[in-house]
Amino acid sequence: MCGIWALFGSDDCLSVQCLSAMKIAHRGPDAFRFENVNGYTNCCFGFHRLAVVDPLFGMQPIRVKKYPYLWLCYNGEIYNHKKMQQHFEFEYQTKVDGEIILHLYDKGGIEQTICMLDGVFAFVLLDTANKKVFLGRDTYGVRPLFKAMTEDGFLAVCSEAKGLVTLKHSATPFLKVEPFLPGHYEVLDLKPNGKVASVEMVKYHHCRDVPLHALYDNVEKLFPGFEIETVKNNLRILFNNAVKKRLMTDRRIGCLLSGGLDSSLVAATLLKQLKEAQVQYPLQTFAIGMEDSPDLLAARKVADHIGSEHYEVLFNSEEGIQALDEVIFSLETYDITTVRASVGMYLISKYIRKNTDSVVIFSGEGSDELTQGYIYFHKAPSPEKAEEESERLLRELYLFDVLRADRTTAAHGLELRVPFLDHRFSSYYLSLPPEMRIPKNGIEKHLLRETFEDSNLIPKEILWRPKEAFSDGITSVKNSWFKILQEYVEHQVDDAMMANAAQKFPFNTPKTKEGYYYRQVFERHYPGRADWLSHYWMPKWINATDPSARTLTHYKSAVKA
């Protein structure tokens, strides 16, 4: 996890413009660099580094002697870089995984390059010989990338929007900033004056498609067919591989553990893989909650079962409320469910950074979208409609869950890794017949649970534990985070403010006092930037007015049972 920043065709003083890049310094606490492009005095790269791989020679922009005309600034991890290096017999100058991008590009061009990358990434690649600039982002948008471009060809890119909003450009007093779409790359012409012109924007990968790099994977041979035992065996193989490849780091590994199905499977598999790799330190797992929260109790059981070095972080309602302003600033969104769920993750990330030496943190993000884990999937009218909804959620992850996961950890200089969003695992899961993936017998993620039924990876009671939203599970059923927030915003937003909400906020008008409060905080930090969020996250098929699982009938009946 790092922070990247680049300008092309700036007409303002670069030393002043570079101050904007310091707004993402939290993403790279170990080192930073600014570098002008040779021959283009108005083009510049900025980089904030979190040293995870090759701490000695990992500074960016990456340049190697063999390709003096290539400049690469990227944030990500390319898990198959050694495999690609060996297969094509590339001669590396560093041990940095991103160097593979330069070699693949020289060999086959940008499309082949980006399709061969197994990992998560956001990059800016400059080819001064051919006068081209390339932008690219991974399939699910696990690594963030924002872009601002004017009609006269000024281009600015950054890992977070906050690094772009104060940039100056003579032709545009208000610079439009927008997220770069996941699963896409863009080709731009570089003009002699340093400005650019967009040539094409290409969608290179759909989450259902088996990625091109699968041809070179080390995964065990999968068995054909959709018999249940075959599918379960294939899923176990792919999930183990997804975790194993993500061990690539020179820093200590830890794992978020809420005690839910997803984080528990990740933690248990991770600990098993660390032992097989003969890593010489115990796995640290981290849980957060208020006293006697369901998550803390469940996480404790999992930690005892797998034998991790477990940490419990307690917080109270006052600490949660006080964190809201910092959280919304870090997130760059006012989406209700994203803000709610981010408070716990933000506070636990803060604890990890201050009190431990774990830097690379695993989590269970992405599973709910992939495996139809949200409670409202019980109401899907058909397996096909459930499949469509699952794919929609995956397409929009970059606006919600992976945004939350990235910003709350990056705010404290941590790197998050998400095995459930592995290309091979997710594409295989989505290839299964729709009827195999829907909730069964009143239980969501039935196939995933059944897959690990006989593995003894985690306790049975955790394997079959009903779905809890992270923002709900960190507090008690009697006094949920949802309820605490409602009581707080009731004193912050009055009825007159709500009556005038449509006039004050005509775009994405908040419908609740909680939504109004978050929007107020967001506008204070990012005035006029409401379009960064295209729509609120909301359950489907149930006419919900609030995204909390605690408000759903299925959840209430499950609690009573």
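Cβ from N, Cα, C; glycine included.
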Do you know which of S10, S342, S349, S557 is annotated phosphoserine by Swiss-Prot?
S557
Among I228, I288, I328, I336, which residue does Swiss-Prot annotate as binding ATP together with L256, S363, G364?
I288
Hey, which of K385, K511 does Swiss-Prot call N6-acetyllysine?
K385
Of T139, T230, T545, T553, which does Swiss-Prot mark as phosphothreonine?
T545
Those recorded positions of C2, E365, K385 having Cα within 10 angstroms of G76 (L-glutamine binding site):
C2
Near the Cβ of E365 (site 'Important for beta-aspartyl-AMP intermediate formation'), how many other Cβ atoms are there if near means within 10 Å?
27
Top Cα neighbour of D97 (L-glutamine binding site) in the set of recorded positions C2, E365, K385:
C2
Cβ atoms within 10 Å, counted per site: which of R49, K385 has the most, among these recorded positions?
R49
Among R49, A51, V53, E365, K385, these being the recorded positions, pick the one whose CA is nearest to that of C2 (active site, for GATase activity).
R49
Count of other CB atoms lying within 10 Å of the CB belonging to A51 (L-glutamine binding site):
18
Compute the centroid of the Cβ atoms of R49, L50, A51, V52, V53, N75, G76, E77, D97, then list the same-chain residues not in that set whose Cβ lies within 8 Å of it, in sequence order, for the L-glutamine site.
M1, C2, G58, V96, G98, E415
Which number gives the other C-beta atoms within 10 angstroms of the C-beta of V53 (L-glutamine binding site), all protein chains shown included?
18
